[in-house]
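Visitor: The following feature annotations were taken from TrEMBL:
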| type | residues | note |
| --- | --- | --- |
| ACT_SITE | Glu52 | active site, proton donor |
| BINDING | His50, Cys77, Cys86 | Zn(2+) binding site |
| BINDING | Ala156, Thr198, Asp202, Gly294, Thr295, His296, Ile297, Gln298, Asp299, Ala300 | NADP(+) binding site |
| BINDING | Arg186, Leu206, Glu292 | substrate binding site |
| DOMAIN | 1-116 | domain 'CMP/dCMP-type deaminase' |
Amino acid sequence: MMQSDYMAQAIAAARLGTGLTYRNPLVGAVIVNNDRVLAVGHHVGFGHAHAEVDAYQHVTHPEDVIGSTMYVTLEPCSHYGKTPPCAQQLVKWGVKEVFVAQQDPNPLVGGKGIAYLRDHGVQVHIGLMEVAARQLNRAYNFYYEHQRPLVTVKVAQSLDGKLSLNDGKRTYLTDTVANADVDHLRASQQAILIGSQTAIDDDPRLLVKEKVAYPPVRVLLDRRNRVSHESRLWQKNKTPLWHFVTGKESTKGIEDDIEGKDTRRTFIAPEWSIGKVIQTLSDKGIQSVLVEGGTHIQDAFLRAGLVDQLIIYQVPEIFGGQSLASFTSSANSMRTRFTPVTIEKCGNATKMTFIRPSLAADWGLD
């Protein structure tokens, strides 16, 4: 087998951790000696064994690891967290050579793991199948490279770009197949954000049906504190609800708790811009945000230049008239270019995915 074949195995293994690693990255590892695969591992979950350790634990005869080569999708960590440093473990096990697909953008690691290995006589190669490996952790990479979450705006609309009919009632656009796809999208995010008008009109719970270890935080932008605490959002639930309102600056409520306890928290400031909200989420470690907030919230994110990915579910209907548009700001302030990624049939809708052009190369679209 070629070196790229071993790394491809590591990339495939990394995906087994999808939905389990929380704010940690997906990572896969393969241990090879004399052209024989000794073991394959992956990061099995937040606070649990990293990929390198998981692979080592699957080796039948640990002495075979002495003088081996490891293929790993992300730089081995070099710091103490919930688990010991993997770089130290590799040296201890006698690994002689390591192929690293991608250097870790997290400043806690950021080249330190590679430096430790080299300082202890391990031969390290960087960049094998890097583009493919980076696709495992788009939000993680973006968060550490841009110091903010990756923002996705999701829109369901008619052919003429309308969100709903102008009849004062909620308009259901997508069918069960498309809705299931949206639920999967939600489950992949660390936060779901809506505005007060959407909360009042639709009374959503913003819960994911898909079983996930760490459901996304529900974020409610409610500057004037209009949303009733009798609404479904405010019902006691293990999924966190973060409520942003204006007033004397402070924070109230229970701290966010990833162990699944009921967590409702209110953030209060004299004024909330979209940028300030995103910065607050970033400060709390949120790496990805799905915006489902309605026309005004979508406009605000576009004006702030904070739409990194746009996903549109378009149904084959025309609403016309004064129906509510997806985006309503003036053309001059709203002109934003995107790079198309995919167009596919999804139930009764056409699902179109776009990203900001600056992300195209990193997402392997050049």
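Cβ from N, Cα, C; glycine included.
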Visitor: Cα within 10 Å of Glu52 (active site, proton donor) is the criterion; apply it to the binding-site residues Cys86, Arg186, Asp202, Leu206, Glu292, Ile297 and give the hits in sequence order.
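Guide: Of everything listed, what lies within 10 Å of Glu52 (active site, proton donor) (Cα to Cα) is Cys86.
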Visitor: For the binding-site residues His50, Arg186, which one has its C-beta crowded by the most other C-beta atoms within 10 angstroms?
Guide: His50
Visitor: Sort out for me which one of Cys77, Cys86, Ala156, Ile297 has the most neighbouring CB atoms within 10 A, since those are the binding-site residues we care about.
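Guide: Result of the Cβ crowding comparison: Cys86.
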Visitor: In three-state terms from DSSP, label Ala156 (NADP(+) binding site) for me.
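Guide: Strand, per DSSP.
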Visitor: Once near-sequence residues are set aside, which residues in the chain of Thr295 (NADP(+) binding site), 6 or more away, have Cβ atoms under 8 Å from its Cβ?
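Guide: Set apart from Thr295 (NADP(+) binding site) by at least 6 residues yet with Cβ under 8 Å, we have Leu163, Leu324, Ala325, Ser326, Phe327, Thr328.
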Visitor: Sort the residues of the domain 'CMP/dCMP-type deaminase' (1-116) into helix, strand and coil with DSSP and give the three counts.
Guide: 39 helix, 25 strand, 52 coil
Visitor: Identify all same-chain residues not among Arg186, Leu206, Glu292 whose C-beta atom falls within 8 angstroms of the centroid of the substrate site's C-beta atoms; report them in sequence order.
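Guide: The surrounding set, listed in chain order, is Lys154, Val182, Gln189, Ile192, Ile194, Pro204, Val208, Pro216, Arg218, Leu290.
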